[in-house]
Every structure is written in C-alpha cells, then in structure tokens.
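Quick look at what TrEMBL lists:
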type	residues	note
COMPBIAS	9-21	compositional bias 'Low complexity'
COMPBIAS	22-31	compositional bias 'Basic and acidic residues'
COMPBIAS	34-44	compositional bias 'Low complexity'
COMPBIAS	52-62	compositional bias 'Basic and acidic residues'
COMPBIAS	88-100	compositional bias 'Low complexity'
COMPBIAS	107-130	compositional bias 'Low complexity'
DOMAIN	196-615	domain 'RCC1-like'
REGION	1-171	region 'Disordered'
REPEAT	194-258	repeat 'RCC1'
REPEAT	329-389	repeat 'RCC1'
REPEAT	390-442	repeat 'RCC1'
REPEAT	443-504	repeat 'RCC1'
REPEAT	505-567	repeat 'RCC1'
REPEAT	568-620	repeat 'RCC1'
C-alpha cells in the first residue's frame with residue numbers, strides 16, 4: 001500500500017531528536033537567573049496556544065495519557081521534554097513546535113478523572129475501533145490511544161463464520177424435445193451365444209485367438225477362446241457372448257452383452273485403447289505382463305467400463321482409430337490418425353490416445369434438448385458422426401477431401417478437430433477408406449472424397465475435375481425416385497469401391513471392378529457398357545444367388561466385399577490375396593457362398609472386413 005500523503009505544510013517539520021538536544025544545550029549555556037526557583041516563582045496564566053489542559057488534544061494524546069497513569073511517570077515526563085511523533089496536525093506556533101512543555105504547566109499531575117476523560121475523547125477522535133472500558137481493580141491499567149490501536153490490530157474482533165452456501169443441485173436432464181434420429185438400439189440376444197470366426201492374415205494377433213494363431217487362414221477359423229469365455233461367464237449373464245464386431249486395419253474390436261468393448265491386435269498407434277507395453281504383472285511384482293498375451297487375445301477396456309453410464313452399442317475401427325457409441329448417445333474415441341507421409345496424431349496436443357476420451361463435438365445443449373450421437377463410421381483415417389439432430393461431423397486426415405472441407409497443407413492437424421459437414425437432416429452415414437457418404441431425410445445420397453475410380457458415385461468426367469470431391473455431391477441413380485420408392489439405409493466402402501444397401505435388401509456397387517470388387521458378372525449390362533475397363537462410375541445393382549433372401553448387412557475390405565442375408569447366409573467376393581475372402585482363391589468375381597442359409601451348422605449374423613482379415617459372427621443352428 002503506498003504511504004499516505006501528509007497534510008502538514010511542506011515547510012513544517014516535526015520535532016526531531018537533534019532539535020530537542022539543541023534546545024537542551026541552549027538551556028545549559030544560559031546563565032542561571034538570580035530570581036527565586038521556578039517552584040517559588042509567581043505563576044503566570046497558561047498560554048492558550050500551549051496544550052496545558054488534558055481537555056485539548058493539540059499535544060500528542062498518547063504521551064499525556066501515559067503520564068496520567070503513575071506519579072513517577074509524570075515526574076519523568078516533566079523532567080524530559082516529550083518527543084512528538086510525526087503528526088498530520090499543524091503546530092500552533094513555532095514556539096510550540098520547538099520548546100518543550102513548561103515545568104510550571106506540567107508540574108501539576110492530571111487527576112485520574114481527567115486522564116480518563118482525555119482517553120475517552122481521544123478514542124472518539126481516532127479512526128481505530130472503540131475498546132470497552134476496563135475496570136482498574138480487575139484488569140490492567142488503561143491503555144493509551146496508540147496502544148489501543150495496536151491491540152485492536154493485533155487482536156481483531158472475532159466474527160462468527162458465515163454459514164456455508166447450500167450447493168446448487170443440478171437436476172438430471174430430461175429430453176422433452178423429440179429427436180430427429182433415434183438413439184442407438186441393441187440387437188436381440190442370441191441363444192446359443194454367437195461365436196467369432198476369422199480368416200485372412202492373423203500375424204499381428206488381430207484374430208484374438210492367442211499367440212499360437214498368427215498365420216494366414218484361407219477358411220473361417222472358429223475362436224475356441226471365445227467359446228471358453230462364454231462358458232466362464234466373461235461376457236455377462238450365463239450363456240452371454242459377443243453381440244457386435246469390427247475389423248480394423250490390423251486390429252479388431254467387439255462388444256459383449258454387458259456393453260463392454262474388447263480389443264486385440266496391433267497397438268503401435270494406440271488402436272486398442274489400452275496400454276500393452278510395460279504393464280505391471282499383479283502376481284509378480286517387478287515384472288511386466290507379456291505383450292503378445294495382451295495383444296493377441298481380446299482384452300476389455302476396463303477404463304471405459306468403469307464409466308457405469310457407458311453401455312456400448314456400436315463400435316467402428318479404422319487403420320489405427322477406434323470409436324464407440326453408447327445406448328445414451330455418448331461417444332468415446334481413441335487411437336491415432338495417419339496422413340499420407342506418416343503419423344498425423346490424435347489431436348493437436350496428443351499423438352497417440354491410449355485411453356477412450358470424449359470427442360470435442362460442439363453439440364447442442366439446451367434445457368430439455370441435448371444433442372447426442374446415434375451412429376459412427378470410419379474410413380482408414382477419418383471418422384464420421386451422425387447426431388440425433390441430423391447433423392454430421394467429420395474429422396481426421398483430409399488429403400483426399402474425405403472431411404467435406406478443405407484443410408491447408410501446412411495445417412493438416414486442424415483436420416483432427418470435428419467440424420460440421422454442410423448437410424442438413426442427415427439420416428444415415430457411411431465411409432470408404434478415403435471417401436464419405438450421407439443420406440438426407442428425402443432419401444438423397446451424397447458422396448465426397450477420393451474419386452480416382454469413381455468410388456463416390458458422383459460421376460467421373462476427367463482426372464482434373466473428378467479425382468477429388470471436396471464437398472458433398474449428389475449420387476445419381478440412388479434417390480427414392482430412381483429406386484421405385486426404395487431407400488438407401490447402409491453404405492460401406494473399400495479403397496476404391498463402394499456398396500449401397502437399401503431397405504428392401506438390394507445392394508448396388510460403384511467404383512473399381514477390375515478384380516471383381518463389385519461382384520458383377522462379365523455379362524452384366526452395366527459391366528459390359530462401362531466407359532473405363534477398371535471401374536464403373538455409376539451405381540449398378542449386384543445380383544446374388546438367392547434373390548428371395550434379402551441382404552441385411554454389408555461390409556468392405558480394401559479390395560473385397562461381403563454380405564449377410566436375412567436367412568443367415570454369408571457371401572464374399574472381390575480380391576483377397578491373404579485369404580480375406582474365406583476361400584482358397586485370391587479372386588472371386590461374383591458373390592460366393594461362405595455360410596449357407598439352408599443346411600450347415602452355422603447361421604451368419606454379421607460380418608466385418610478389415611485391412612487384411614475378416615471377422616464373422618456366427619450362431620450355431622439348433
């Protein structure tokens with residue numbers, strides 16, 4: 001705090017010790033008077049300018065009050081001229097400022113009553129707190145004004161502690177506004193519980209069957225580990241098993257009937273959502289768990305399961321990015337994105353996200369209306385999210401235009417921030433490796449991203465005009481008016497081709513077709529009339545062996561495709577150099593039956609194609 005500015009005139013100075021000594025020396029040099037002693041001298045009337053009475057406060061009250069406590073102190077005070085402390089009050093005269101108090105004036109000690117009156121008056125003029133009077137017979141001697149001020153500062157009045165404010169209770173959110181898109185729903189429980197089958201490359205533990213299963217498998221291989229886990233009750237209630245599967249680039253994910261997310265496979269870029277290096281062994285202090293055991297078997301994401309409100313309903317897997325949505329519409333994401341030249345990172349602050357976190361989506365939050373997530377889709381290195389309000393968000397790598405917006409070459413990391421795509425009232429989304437799709441409430445389909453082989457379905461004019469579609473463009477030939485009222489409800493894509501499934505169970509394909517990726521026969525009209533020998537730029541209807549068994553789910557790998565029918569049949573086609581098709585051949589031109597709808601021992605429920613492997617969810621027939 002800055003010192004206060006004195007009210008004393010600049011030329012006026014308080015009495016200092018040297019000045020007082022000078023006065024005393026001058027008195028010593030003065031010759032002794034021949035007159036009678038001071039005590040016998042004729043008393044003169046006290047000067048009105050001198051503070052002779054304790055009723056006045058021109059002199060420092062502290063010294064006058066102190067002199068009134070004891071006779072001995074009074075005598076000492078009279079013998080020595082009192083040194084005046086610095087005061088804001090202006091001295092009455094030069095004489096008053098330089099001369100000590102007269103012996104005649106101070107010879108008569110003040111009475112106790114007068115001293116008390118002086119103290120009371122001084123207390124009334126000071127700014128310090130008023131002190132209660134003290135009984136001399138019971139307590140200490142009365143304090144001077146300066147002492148009283150010090151005591152007041154040292155021992156402030158103790159105030160009662162204020163009562164704590166009651167905490168504001170935030171009522172739970174109640175959604176009063178109807179959602180445009182419904183929250184995720186769960187599949188029906190299957191009994192006996194379904195088992196995971198896998199085929200293709202297992203060299204990185206992506207099958208989830210342990211370190212002993214790391215080869216290449218051309219035919220579907222049943223997971224005995226899953227069967228043992230079902231018997232042990234690891235997936236929930238008695239007889240519970242997996243309900244959802246997702247194959248990524250070199251890793252896999254599944255959801256069990258409890259809503260737990262399990263992962264296995266490569267974890268170099270945190271795709272598994274958990275640590276697998278230097279994990280302490282709880283049974284052997286000082287040692288770590290085996291990395292191969294942690295990556296080649298499915299392990300649950302306990303850190304995600306710890307959130308009691310998060311019951312996973314959907315999961316998706318890209319190259320090294322993974323995401324899950326709960327039944328309440330909450331989203332969790334982990335892993336990392338990669339760009340053309342290498343690792344891009346999870347965000348501007350994090351390279352690899354090893355634990356599930358909430359994505360920073362700018363969702364609507366109003367009283368009675370909270371926007372939630374209803375579905376997710378992943379490309380190789382980007383994510384799409386659809387909300388209850390029909391909004392679509394995209395983030396990740398952006399070099400091929402898959403985010404529906406332009407991101408500067410020098411600011412690629414900005415692509416990892418979710419932003420809204422310029423479409424309204426979206427009801428379905430889908431993604432290929434480097435391209436994206438959306439369906440609006442009218443049933444119109446839009447595509448954008450990499451289009452080097454016509455995989456967006458928006459047409460192909462020339463390399464300069466059509467290689468990359470930076471913003472959503474309408475896909476011709478798939479609107480309800482083109483499909484006799486039928487609508488597209490599911491979209492999946494590989495590196496250069498795309499499949500579209502409709503409500504009626506029909507499947508259309510577009511894009512690369514030189515290795516059977518679209519499943520079109522050589523005599524198919526659209527295939528024969530294609531303008532380019534390597535791809536078809538307009539969606540074409542795919543024919544399946546049983547036209548009366550509608551398709552209920554589809555999936556695409558890098559260069560292969562798969563579909564599951566209502567009756568439980570599974571088809572695959574395209575190119576699978578590492579056994580991704582589930583057959584001995586590397587290439588299948590038209591849909592091939594892997595699981596039969598009639599006969600056989602297994603009923604196919606779902607399929608998911610990854611980068612080099614394929615997962616199937618099969619239930620044993622009764």
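Cβ atoms here come from the backbone N, Cα and C positions, even for glycine.
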Summarise the repeat 'RCC1' (194-258) by DSSP state, stating how many residues are helix, strand and coil. 8 helix, 27 strand, 30 coil
Contact yes or no, the repeat 'RCC1' (568-620) and the repeat 'RCC1' (194-258), 3+ Cβ pairs under 8 Å, gap 6+: yes
Give, as a single whole number between 0 and 100, the mean pLDDT over the repeat 'RCC1' (443-504). 96
